[in-house]
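According to TrEMBL, the features are:
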| type | residues | note |
| --- | --- | --- |
| BINDING | A:Asp76, A:Asp78, A:Asp80 | Mg(2+) binding site |
| BINDING | A:Cys77, A:Cys100, A:Cys107 | Zn(2+) binding site |
| DOMAIN | A:29-109 | domain 'Phosphoribosyl-AMP cyclohydrolase' |
Number of protein chains: 2
Amino acid sequence: MNWLDEVKWDADGLVPAIAQQVGSNDVLMFAYMNRDALARTAETGEAVYYSRSRGRLWHKGEESGHVQKVHELRLDCDGDVILMKVEQLGAGAGLEAIACHTGRHSCFFKRWNDGRWDVVEPVLKDPAGIYK
Amino acid sequence: MNWLDEVKWDADGLVPAIAQQVGSNDVLMFAYMNRDALARTAETGEAVYYSRSRGRLWHKGEESGHVQKVHELRLDCDGDVILMKVEQLGAGAGLEAIACHTGRHSCFFKRWNDGRWDVVEPVLKDPAGIYK
């Protein structure tokens, strides 16, 4: 059986994918993959997602240079979620590497605090300097 | 503005939620929340999801005792994904705590290896002894 057939694709042919920083295990971002995106991710060793808004494959870093080098690819018990351990490349390194389009390390920079979402992570690089 | 209104619920009124072990940062599981589930999670400090298969709220651990104590609740840049840092309670502790219904620490126990999904995490407790 082809490993791609073991993935339970949803009605739109997509699967949620979580990217986690190798080493710190910080969760960097969450996006979707279709069959082609997952196949290319495994083939090239770089994270390729499917952009629902743009309706096409999205090689992470294609504009920003913030490519994700895949160290490990996992599938969950139900076969319907992908988890990747990645090395976030581009500006910065490790905890200073930028995965988020806002110029932050992680997309998960809002923390719940007593009924408010507080921004708790710094902008490491101005997005105007990332997307030209 | 109510913090629950800042979440971008999908067409089914759901938001994906990732649970990460506090300390190790291991990703334990992935599920969905509706508005009520997220409100209860914040209120009670224990992870409450929405079970799509059962069509109702699902207080994680209600059957297994494997409750998740929430240490931190985060929202991503687009406001459409929740990340939680949790302490996985029940049998075992820390890296031996069980989040997965298969009796494993994490639901992400299949690792891609040259075109195969290999099972790489041990069963810590027989599910027959968890769900009676």
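Cβ from N, Cα, C; glycine included.
Annotated features, which come from TrEMBL, shown on the structure.
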residue: A:Asp76; record: Mg(2+) binding site; Cβ within 10 Å: 22
residue: A:Cys77; record: Zn(2+) binding site; Cβ within 10 Å: 17
residue: A:Asp78; record: Mg(2+) binding site; Cβ within 10 Å: 15
residue: A:Asp80; record: Mg(2+) binding site; Cβ within 10 Å: 15
residue: A:Cys100; record: Zn(2+) binding site; Cβ within 10 Å: 23
residue: A:Cys107; record: Zn(2+) binding site; Cβ within 10 Å: 24
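Looking at the domain 'Phosphoribosyl-AMP cyclohydrolase' (A:29-109) alone, the prediction's average pLDDT is 96. When secondary structure is read from DSSP and collapsed to three states, A:Asp80 (Mg(2+) binding site) falls in the coil class. Across the structure, A:Cys107 (Zn(2+) binding site) and A:Asp80 (Mg(2+) binding site) place their CA atoms 22 angstrom apart. Under the DSSP three-state reduction, A:Cys100 (Zn(2+) binding site) is assigned to coil, being neither helix nor strand. Here the CA atom of A:Cys100 (Zn(2+) binding site) lies 28 Å from the CA atom of A:Asp78 (Mg(2+) binding site). Helix, strand and coil counts under DSSP for the domain 'Phosphoribosyl-AMP cyclohydrolase' (A:29-109) come to 13 helix, 30 strand, 38 coil.
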